[in-house]
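Engineer: Got a structure here, written out as structure tokens. Questions coming.
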């Protein structure tokens, strides 16, 4: 098993409902350690840059509006196979398809307001981590 770092974000729908602690606890209970965390209010420009990979998708403008509608909590997680473990704990993008006990099954409101985002690969994790954090902010 490999010790990895991954990026996690608690989205505005969850921060509005004061779920930051509950979601972080679910991540920690799964064996992931938070080694960097901050609460940010993403600007539309930051949302456009962060989600640029989806620029041509029909939901892009709605995604940008949603992600800039309230605070998010951005985190760096560390643990054995952290990328896969985080994705497992998050559950399927559509909460109705998510496994029982996953973050999205428990907390998501809809496929759009699905409470969390997590990196899908090591390359994406590195890009997303460096988008929000400088090396000095990550304390393992």
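Glycine too: its Cβ is placed from the backbone N, Cα and C atoms.
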Engineer: Since Swiss-Prot lists 59, 87, 93, 104, 114 for ATP, which candidate among 11, 25 does it give for that site as well?
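Structural biologist: Record check against Swiss-Prot: ATP site with 59, 87, 93, 104, 114, extra candidate from 11, 25 is 11.
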Engineer: What is the interatomic distance between the Cα atoms of residue 59 (ATP binding site) and residue 117 (active site, pros-phosphohistidine intermediate), given in whole Å?
Structural biologist: 16
Engineer: DSSP on residue 93 (ATP binding site), three-state: which is it?
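Structural biologist: In the DSSP reduction, residue 93 (ATP binding site) maps to coil.
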